[in-house]
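Here the structure is laid out as structure tokens; the discussion comes afterwards.
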Amino acid sequence: MFLNYINNFRGLAILFILVGHGFIIFYPYLDPLTSSFMTSLFENGTVLFLFISGFLFQHLSAKYQYKKYMLSKINNVILPYIIISIPAIIYQMIWSPTFKEHFIYRFPKMIQVLYLYITGYHLVPFWFLPVISLFYLISPLLIKLDKWKYFYYMLPIFIIISTIVPKNFTNVLQSFVNLFSIYVLGMFVSHHKKKLIPLIQSKVILLTLLNVILIILSTLFLFMDLGDGRFLTMWNKIVLCFVILGYFSKYDYAINTKFKYMANVSFGLYFVHYYFQMALGKIVDKFIILNDLNQITLLLTCTLFTLLLISLSVLAIFIIKKIFSVHSRKIVGC
């Protein structure tokens with residue numbers, strides 16, 4: 001059964017991630033409070049993606065066939081990852097000064113390439129692809145655990161582990177442990193959606209207030225430099241998942257298909273957007289002295305940069321889909 005509110009959720013999630021990434025290069029130039037607020041608001045946006053992935057995995061579990069499932073993921077996720085990574089890997093191995101200082105640079109070229117693909121080190125957002133691939137690999141186990149009546153009682157323990165174990169962009173297993181609870185949380189909500197969705201809808205105002213409180217707390221935590229505030233940004237994204245779920249399911253008739261296109265091309269946007277971000281970042285560095293801008297001008301520049309990033313990414317996917325038609329899924333995942 002197709003769930004329109006989840007499809008809209010996926011469309012909003014990719015927008016959230018693109019906006020968060022678009023703002024990153026401006027953080028050092030914003031005043032500390034604004035920078036802390038923006039970090040609190042947008043960091044850990046992949047939590048939304050993982051939650052939806054877990055939800056949809058459980059929702060479609062009745063039709064699950066391992067071979068068919070894995071072939072689909074290889075064609076629509078792994079193969080595009082391999083193809084889209086090629087320019088970034090070539091850049092890292094030939095021109096990147098930071099990669100030349102990396103320990104793996106001393107190894108043969110094929111080992112370097114393998115390392116980059118396994119870790120996603122070659123392009124900042126690509127750390128996510130090896131991690132989500134681990135969820136694909138353990139999908140038979142997750143199917144069995146979903147049917148085990150005690151599995152979801154362990155969810156609070158998984159969330160505590162996620163809080164203790166931070167994400168590590170070059171350590172796939174550590175990031176997997178960090179995000180495991182989010183994926184399982186999505187599965188849990190889907191498993192009990194007939195009871196939970198009405199409950200979430202009825203409590204959506206309280207959940208919104210809780211989300212605002214967590215954003216304020218994580219902003220102050222970061223602003224006052226009280227330590228690594230990523231666990232708080234993760235918590236506010238977990239609550240945000242429920243907030244979005246509540247509003248989108250409650251007002252599904254009004255939202256209709258407003259996020260449909262973004263949802264349909266979400267993986268494609270994730271694959272291509274950072275190339276445009278790097279190119280636009282170099283243009284900004286060359287022609288704009290960010291240190292000389294006042295805060296309002298800086299925020300306007302940041303907003304325009306992000307809108308341009310999203311527009312170029314959407315345009316690129318549109319062109320690729322027009323050129324390659326049905327084969328575009330194997331190139332950009334959509």
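Placed from the backbone N, Cα and C atoms, the Cβ positions cover glycine too.
Caution: TrEMBL annotation is automatic and unverified by curators.
Look at TrEMBL and you will find 4-310 tagged as domain 'Acyltransferase 3'. Confidence annotation: the domain 'Acyltransferase 3' (4-310) carries a mean pLDDT of 92 in the model.
For 12-30 (among others), the entry in TrEMBL reads transmembrane segment.
Taken from TrEMBL, the feature transmembrane segment covers 36-57 (among others).
The list of residues near the transmembrane segment (77-94) in space but at least 6 beyond its ends in sequence, with Cβ under 8 angstroms from a Cβ of it, reads 109, 112-113, 116-117, 121-123, 126, 129, 132-133, 136, 267-268, 271-272, 275, 329-333. The transmembrane segment annotation in TrEMBL covers 77-94 (among others).
Taken from TrEMBL, the feature transmembrane segment covers 114-138 (among others).
Annotated transmembrane segment per TrEMBL: 150-166 (among others), in sequence order.
If you look up TrEMBL, you'll see 172-192 (among others) marked as transmembrane segment.
The annotation transmembrane segment is assigned in TrEMBL to 204-224 (among others). Sequence-distant contacts of the transmembrane segment (204-224) (same chain, six or more residues past either end, CB-CB distance under 8 Å): 32-33, 36-37, 39-41, 232-233, 235-236, 239-240, 242-243, 246-247, 250.
According to TrEMBL, the feature transmembrane segment maps to 230-249 (among others).
Annotated transmembrane segment per TrEMBL: 261-276 (among others), in sequence order.
Counting residues 6+ beyond its ends, the transmembrane segment (296-320) has Cβ neighbours under 8 Å at 15, 18-19, 21-23, 25-26, 29-30, 34, 265, 268-269, 272-273, 276-277, 280, 284, 288, 290, 328, 331-332, 334 in the same chain. According to TrEMBL, the transmembrane segment annotation covers 296-320 (among others).
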**Message:** I'd like to know if the transmembrane segment (36-57) touches the transmembrane segment (230-249) in this structure, counting it as a touch only when three or more C-beta pairs sit under 8 Å and are separated by 6 or more positions.
**Reply:** yes
**Asked** Near the transmembrane segment (172-192), which residues from the same chain, at least 6 beyond its ends, have a CB less than 8 A from one of its CBs?
**Response** 46-47, 50-59, 118-120, 127, 130-131, 134-135, 142, 146, 151-152, 155, 158-159, 161-162, 165-166, 238, 241, 245
**Asked** Based on Cβ pairs under 8 Å, which of the stretches 36-57, 114-138, 261-276 lies most in contact with the transmembrane segment (12-30)?
**Response** 36-57
